Structure formats: C-alpha cells, structure tokens
Amino acid sequence: MAKEIVLTGITTSGTPHLGNYVGAIRPAIEASRQEDTDAYFFMADYHALIKCQDPARVQQSRQEIAATWLACGLDTDKATFYRQSDIPEIAELNWLLTCVTSKGLMNRAHAYKASVDANIADNQDPDFGITMGLFCYPVLMAADILAFNANKVPVGRDQIQHIEMARDIAGRFNHLFGQHFVLPEAVVGEEGSILKGLDGRKMSKSYNNTIPLFDTEKKLQKGINKIKTNLLEPGEAKDPNDSTVFDIYKAFATPEQTEEMRNKFAEGIAWGQAKKELFELINGQLAEPREKYLELMANPAQVEAILQAGAEKARARVRGLISDLRNAVGLVNFK
Ligand code: TRP
C-alpha cells in the first residue's frame, strides 16, 4: 500500500516554546516514526517574510527551529526536512496556482479580513499595511502542500481554512488541466495538545505568555515560577482542573505520574513544591535535547548540510510533478 503523505510547515518567525513542543513538534516527530507515513516537515521561511522584515530575526529563527527539530529527535533519514526557500519548484507552483485562484476566494481569508477590519476600526484605509504577500498567503500555502500531493496536513485550528482553500485551488486546477492534485485534509490535534501559558491562556507568542523550550535550566525554572496560581496556602486542597501548573505537568507526565500529582493537589501540595516538581519533570526530559540543541546552534554548518540533503530529497520528489504541470498548462519545449 502506498504510504500516506503527511506534511506540515513551521513559520520561522520566533523561538520555539513549550507550547510549540507539546502541540506540534512532539506529535509530528512521533507521527513521522510510523511505518505507514511518509513525512515532510519544512520551515516556511517564505511565509515568515510576510510578517517579519527583520533579516537577522528571520535568519536566527530558521536556525533555532531547525536545531530544535533535530535536537528533539527528528530522524531526517526517514522524514524529509527542508527549508521552503530551498525549493524553487514551490515558488514556481505558487505562480501556476495564483493564475487559477479567484481573488474572491482570497478576499474571504480570515487573516486578511482581520487586517482589513483592524484598519477600518482604526479609521485607516482598509488596505493600509496589507501586502500582496499577506493577501496571497493561502496560495503559497497551497503550493507547499500540493507540490508533494500531501494527504494529511497537521495544523492548528486557525489554519483549517487555508487547507480548505488549498482543496478549492487544487480542484480548480484539476478541472482546468486534468487530474494532477490530491485534495489534502487538515488534521487538527486534540484539545489536550494545546498547552496553557503563564497566564492560563493558550501558550502563544502573541500573548507573550510563553516559556522557551531550550533556554538555560535557570530560565526554565524562572519561567515555571512565573506561572499564575491562586492564593491557596500549603495544606489547602487545590483543584487540578483549574490549574495551569497541573495542566502543563500533565502534558509531560505519564498517566501514573499525573494521578500522583492529582492526589498531591487533593492533599494540599504547596504551589512552590508543585512548581518544583513540574520543573524537575520537564527538565528531566529536556536536558538531553537541550545539550544537543546547543551543540547544533554552535555548528551551523552541520545543520546546513542536513538541510541541503533534505532539499535535494524534496526537490527530487517534486520535479516530476512540476514538469507535468508545465506541460499541462502549455509551457512545453518547441519541437
Ligand atoms: N501557515 C502555517 C502556520 O502559520 C505554516 C505553514 C506554511 C503550513 N505552509 C504550510 C502549514 C503548509 C501546513 C502546510 O502555522
């Protein structure tokens, strides 16, 4: 049986935090180990340029994200790991798809509409600050997915619409030029895969409530100490269902460890002690990958070589399809 193609992209505009790890990195690496899947993971660095016009930050983030995935155990012999910007075929497909995508479809994209609404609320011109990159974002994302004819695309809830748009665009192209694309499906992680941040809301860079994944041990401890708790004293029973400390603990613990912690909450564990145990649990799991991460960050050439090999593998995979598509639309050599 043909393997199922699973593909996902990571926008390279920040430093990975615990929420990225629990929600995306850890499940993706686990999925990539399965025999019946062919996994493609890439750094969406073209997408990063839409939001970030600071070259140093784009560069730093690409390096951090690459080192993170490798340090967390991604097996690049099995999965294909690459930078979007190393695959010129994606940019080429982006144009072929742009030419069949109706502007009306893009007008309906949530991210674009939110920017327009914000401008209107601010009494600005509706188009203020909106680039064609932002407007066409879903077409580039469709190109990422369709270039590999991915079957399954693991994403956050906010990205579901983009996968639906990729299906629409693929359908339109197939209708015009013949059956070239598989219609991809979004796979959204369970609720449990969304980690809470320092303030109890979803851990997210935009809420400024994150704990970095691979900073120093001290910073991890400091981050954990900043998690919001209530004023219950040691000895007073605490509610695990309403505690960010418990929530994060659970994301790293075995079911048995989680049960033990649940009992300690009922017995009135002090917040300081609960945080200490949380730190020990997480640090125990991150200490080894952290070493590896620091080593990779200090050896960019090593990471570069892995990514160059990944790009070669990815390009070999897309070349045939792109050549068929060129033929299909009439970009053929004269004979
Ligand atoms: N837009 C996605 C995000 O911000 C990142 C991304 C880019 C992506 N291209 C993709 C995800 C293709 C899945 C498939 O999260």
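Quick reminder: no glycine exception, Cβ is built from N, Cα and C everywhere.
Now, the feature entries from TrEMBL:
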type: BINDING; residues: T11, T12, S13, G19, N20, G156, R157, D158, L195, K202, M203, S204, K205, S206; note: ATP binding site
type: MOTIF; residues: 12-20; note: motif ''HIGH' region'
type: BINDING; residues: D144; note: L-tryptophan binding site
type: MOTIF; residues: 202-206; note: motif ''KMSKS' region'
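Sequence features, as recorded in TrEMBL, placed on the structure.
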residue : record                    : DSSP (3 states)
T11     : ATP binding site          : strand
N20     : ATP binding site          : helix
D144    : L-tryptophan binding site : helix
R157    : ATP binding site          : helix
L195    : ATP binding site          : coil
M203    : ATP binding site          : coil
What binding-site residues in T11, S13, D144, R157, L195, M203 place CB under 6 Å from ligand 1? T11, D144
Residues outside the motif ''KMSKS' region' (202-206) whose C-beta sits under 8 Å from one of its C-beta atoms, at least 6 past its ends, are 14, 17-19, 194-196
Residue among binding-site residues R157, K205 with least C-beta crowding, 10 angstrom cut-off: R157
Report, as a single number, how many Cβ atoms besides its own are within 10 Å of the Cβ of S13 (ATP binding site). 20
Rounded Cα separation (Å) that holds between K205 (ATP binding site) and D144 (L-tryptophan binding site): 24
Between the C-alpha atoms of D144 (L-tryptophan binding site) and N20 (ATP binding site), the distance in angstrom, to the nearest integer, is 20
Can you give the largest Cα to Cα distance in Å, as a whole number, for the residues T11, T12, S13, G19, N20, G156, R157, D158, L195, K202, M203, S204, K205, S206 that bind ATP in the record? 20
Name the residue among the binding-site residues T11, N20 whose Cβ has the smallest number of other Cβ atoms within 10 Å. T11
Around L195 (ATP binding site), which residues of its chain at least 6 apart sit with Cβ under 8 Å of its Cβ? L18, G19, V22, G23, K202, M203, D247, I248, A251
Other than its own, how many Cβ atoms are within 10 Å of the Cβ belonging to M203 (ATP binding site)? 24
Mean pLDDT across the motif ''KMSKS' region' (202-206), rounded to an integer, is what? 89
